[in-house]
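What follows is a set of notes on a single structure, which appears directly below.
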């Protein structure tokens with residue numbers, strides 16, 4: 001028998017929140033795919049130098065986000081259908097997956113907070129190792145590949161150097177950096193260290209904001225699901 005009164009209102013509110021949850025899952029999936037294929041990050045993270053691959057820690061959070069978005073769409077659909085059908089079984093299953101998803105999100109948030117500086121530091125170290133090889137006056141075999149790696153960093157991020165560059169680097173700045181002259185480099189160039197921190201801070205901020213919005217929706221959904229299940233159980237004709 002259909003629920004009535006306030007419980008009926010809860011039913012439609014739960015359906016509405018689940019629909020928003022389903023849409024949010026689609027948005028998160030889209031944002032995650034954009035982060036995965038964004039030209040700035042992909043250009044940097046595919047680099048190889050001296051048999052060393054650019055660190056891919058950033059992609060761990062992106063792959064987690066892709067999985068979360070896909071699961072959210074599935075769980076959101078389950079919640080919508082369960083609310084409309086007033087099925088305690090479907091709502092119970094939905095609540096179970098919601099709790100698991102919430103726990104995974106909290107764990108991912110803790111991991112992200114603890115490793116928030118790791119991503120940029122790893123790429124800064126990768127940049128610095130190429131920087132040192134490129135400045136090698138002995139003409140090592142890996143010098144040319146190091147210069148190519150620096151060129152990708154400089155063009156992708158519109159930066160040049162570490163911010164405390166040597167006189168030797170300044171002599172090569174006109175060929176290594178996307179500027180027109182040494183004077184232009186000295187006037188407008190930004191440190192690649194600063195640019196790397198800025199790049200990944202912005203992207204992690206997007207991930208954190210999306211996780212916060214989803215967490216708030218999930219809390220409301222868990223409350224409404226419990227209330228609706230209790231209302232269905234106490235409805236006349238339900239035994």
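Note that Cβ sites are derived from N, Cα and C of the backbone, with glycine treated the same way.
Because TrEMBL annotations are produced automatically, they should be read as predictions rather than curated entries.
Now, the feature entries from TrEMBL:
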DISULFID  159-192  disulfide bond
DISULFID  160-177  disulfide bond
TRANSMEM  12-35  transmembrane segment
TRANSMEM  56-84  transmembrane segment
TRANSMEM  90-113  transmembrane segment
TRANSMEM  204-228  transmembrane segment
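Across 12-35, 90-113, 204-228, stretch 12-35 shows the highest tally of CB pairs under 8 A with the transmembrane segment (56-84). Geometry remark: residue 192 (disulfide bond) versus residue 160 (disulfide bond), CA distance 6 Å. If you take the Cα of residue 177 (disulfide bond) and the Cα of residue 159 (disulfide bond), they are about 7 angstrom apart, rounded to a whole number. Candidate disulfide-bonded residues: 160, 177, 192. Fewest other C-beta atoms within 10 angstroms, 177.
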